[in-house]
Each structure stands twice: as structure tokens, then as C-alpha cells.
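Engineer: Take a look at this one; I'll ask things after.
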Amino acid sequence: MNPQAKLIFALSLTLGTTLTISSNHWIMAWTGLEINTLAILPLISKSHHPRAIEAATKYFLVQAAASTLVLFSSMTNAWHTGQWDITQLSHPTSCLILTVALAMKLGLVPFHFWFPEVLQGSSLIVGLLLSTLMKFPPITLLYLTSPSLKPSVLMTMAILSTALGGWMGLNQTQTRKILAFSSISHLGWMAIIIAYSPKLALLNFYLYTLMTAAVFLSLNSIKALKLSTLMTTWTKAPSLNAILLLTLLSLAGLPPLTGFLPKWLIIQELTKQEVALAATIIALLSLLGLFFYLRLAYCATITLPPHTTNHMKQWYNNKPTNTMVSVLTTMSLMLLPISHIILAVV
């Protein structure tokens with residue numbers, strides 16, 4: 001793909017995201033979502049591999065259906081209340097339809113089936129965009145409409161997402177699919193808290209974006225698409241592999257790393273809201289995710305492949321690590337001690 005085309009698609013993604021997150025009117029928000037969808041499709045299918053074309057087709061169909069539901073929900077609300085303002089969503093049917101539409105956009109259970117397949121058919125950089133930037137507009141719409149949405153529906157979806165995200169990631173051998181199920185699991189944490197503390201859900205999303213970007217860019221640097229490849233990359237970039245171990249543990253939410261902060265705050269807030277049972281369940285379900293992060297970390301740094309492996313050991317890479325990877329991994333590990341400053345800003 002030539003640089004001019006890439007620039008146009010990057011600008012379109014920026015325009016679509018900005019349009020959705022800054023609009024007050026449902027039609028403008030819907031337009032931004034559509035621009036985003038149309039801009040990412042050529043990036044997914046640019047390799048012309050059958051799997052990439054299949055991924056782009058699945059993504060288009062699901063996103064088109066979700067956008068239609070967003071439009072239908074807003075029109076139903078406007079029909080009953082005369083309001084097109086995003087924050088004035090008050091009709092119960094509209095609220096339910098919008099919850100379903102945004103769950104489809106994000107990949108929350110039970111509308112998660114498309115996400116691992118689409119991520120598997122994309123490159124790691126496009127996978128990073130799908131896991132972070134493309135989820136920002138729907139999360140913003142959830143944030144704006146959160147007072148109107150039913151906490152019980154969101155809580156059910158959240159617990160199912162954390163359970164299925166952790167459970168289905170256990171047996172995967174492809175790094176992109178593991179990160180897809182990791183994304184579904186993290187979305188569960190955001191969905192459970194958004195009705196009680198929307199700012200906390202956004203903080204969780206920002207920190208998740210930070211850590212996921214660090215993992216995706218690290219895997220892209222060492223070109224690891226499968227666990228078997230990950231086992232041989234210690235010869236190529238030993239220092240990057242060592243840092244990847246810590247970043248994965250941060251993504252799992254282990255103290256004293258950055259990933260512990262949102263989980264700690266969410267459990268604290270849920271306990272204050274007297275839904276301690278949900279907090280206990282979601283905390284226990286996150287152990288499933290911890291297992292496959294540890295598996296990834298084990299393959300990347302601790303394990304040595306057997307001598308019968310079909311993969312050749314890779315040449316040591318003497319090039320310096322990308323600055324972006326260095327900054328993101330440092331932030332993924334070191335932000336917990338300054339949590340009081342982060343909370344003051346948020």
C-alpha cells in the first residue's frame with residue numbers, strides 16, 4: 001500500500017474518531033462511526049490473503065449491523081421524546097437497543113464472536129488499531145449514555161465477557177487470538193463499572209490501551225505471531241523479551257505494576273456500591289486471564305525450545321529498541337506509585 005493511501009486512511013480514522021467523541025447529535029456520532037469502519041477496512045484487507053479478506057468482510061458486516069442499531073435506537077428515542085441529543089437518551093427500548101449495538105461494536109459477550117477471527121486475519125499493527133483506537137468511539141458513547149443504561153444488563157455482559165475472555169484464551173497458540181480474548185476480558189472490567197463510575201471506566205480504557213500497545217508493538221518488533229515462534233525469540237532481542245514478561249504481568253493486573261491500578265479501583269468502587277458479590281466474581285474470573293498471560297510470559301522468556309524444534313533460532317538483533325516501545329513499556333510498569341496524581345487529573 002502506497003504512503004498516500006496510508007495517510008488518507010490514517011486521517012480518516014482520526015476524523016471519524018474525533019467526530020464521534022466530540023459530537024452531541026446522534027447523526028454526527030453515527031457518521032463518525034461509519035467513517036471509522038470504512039477507513040479501517042482497506043487496512044485489514046491490504047495483504048490480499050483469503051484470511052484477511054474474510055476478516056474484512058466479517059468486520060464490515062458486524063459493524064454495519066451495529067451502526068444500523070445505533071441509528072435505529074436514536075431514531076426511536078427521537079420519535080418518543082423529540083430529542084436527538086446523545087445525553088438525552090431516556091426511552092427504555094432505545095437504551096436496550098443501544099446497549100446491544102455498542103456491545104457489538106466493542107465485542108462484548110454475547111456479541112464477541114467476530115473479534116478473535118478479525119484480529120487473527122489482520123497484521124499486528126492493524127490488530128493494535130482494532131483493539132484500541134476503534135474501541136474509543138463506542139466507549140465514549142457508553143460514557144455519555146451511561147446514566148440511562150441498565151446496570152444489571154451491563155453487569156451480566158461484563159461477567160460473561162470476563163469469564164469467556166479468560167476461558168477461551170486458555171487453549172490458544174496464536175498471539176493475536178490470545179490478545180483478542182484478553183481484550184474481551186478487559187472490556188468486561190470496563191462494562192461492569194461504567195454505570196457506577198464512568199470516569200473509572202475511561203481510566204481503565206486508557207491504561208489498557210497503553211499496556212496493549214506496548215505488547216502489540218513488542219510482538220511486532222520480534223515478529224512473533226505464534227507461541228512456538230515466541231519460544232525462539234530470546235536469541236533475537238533478549239532485553240525486549242525480558243521487558244515483555246513484565247508488560248504481560250502488568251496486563252494481567254499484578255501489583256506493583258500499572259495494570260493493578262484499574263482493577264484495584266474498580267473492585268473498591270463496586271464494594272462501595274454494595275455489589276461486592278459481582279466484584280468477587282470478576283476478581284476470581286480474572287485469574288483465568290492471568291493463566292494465559294503467564295503462559296505467554298513463560299514462552300517468551302523462561303522456556304527454551306527443545307532441540308527437535310522446527311523453528312530456527314533467530315539472529316541476534318543489534319538494532320536499538322523502538323523509542324515508542326520503550327516509553328510505552330516504562331509507563332506500563334511504573335505508573336502505580338503516582339496513582340494519586342492520575343486520579344487527581346481524571
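Using the three backbone atoms N, Cα and C, a Cβ is placed for every residue, glycine included.
Grabbed the feature section from TrEMBL, which reads as follows:
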DOMAIN    23-288  domain 'NADH:quinone oxidoreductase/Mrp antiporter transmembrane'
TRANSMEM  96-115  transmembrane segment
TRANSMEM  124-146  transmembrane segment
TRANSMEM  152-171  transmembrane segment
TRANSMEM  178-197  transmembrane segment
TRANSMEM  203-222  transmembrane segment
TRANSMEM  243-265  transmembrane segment
TRANSMEM  277-304  transmembrane segment
DOMAIN    290-342  domain 'NADH dehydrogenase subunit 2 C-terminal'
TRANSMEM  325-345  transmembrane segment
Engineer: Which stretch, 152-171, 178-197, 243-265, 277-304, tops the Cβ pairs under 8 Å count with the transmembrane segment (124-146)?
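Structural biologist: By the under-8 Å Cβ criterion, the transmembrane segment (124-146) pairs most with 178-197.
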Engineer: Between the stretches 96-115, 152-171, 178-197, 243-265, 325-345, which wins on the count of C-beta pairs under 8 angstroms to the transmembrane segment (203-222)?
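Structural biologist: So the stretch in question is 243-265.
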Engineer: Across the domain 'NADH dehydrogenase subunit 2 C-terminal' (290-342), what does the pLDDT come to on average, as a whole number?
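Structural biologist: Averaged over the domain 'NADH dehydrogenase subunit 2 C-terminal' (290-342), per-residue pLDDT gives 76.
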Engineer: Could you pull out which residues elsewhere in the chain have a CB under 8 Å from any CB of the transmembrane segment (152-171), counting only those six or more residues past its ends?
Structural biologist: 96, 99, 103, 108-110, 112, 116, 177-178, 181-192, 194-195, 275, 278, 281-282, 285-289, 291-292
Engineer: What stretch in 178-197, 243-265, 277-304 has the biggest tally of Cβ pairs under 8 Å against the transmembrane segment (325-345)?
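Structural biologist: Stretch with the highest Cβ contact count: 243-265.
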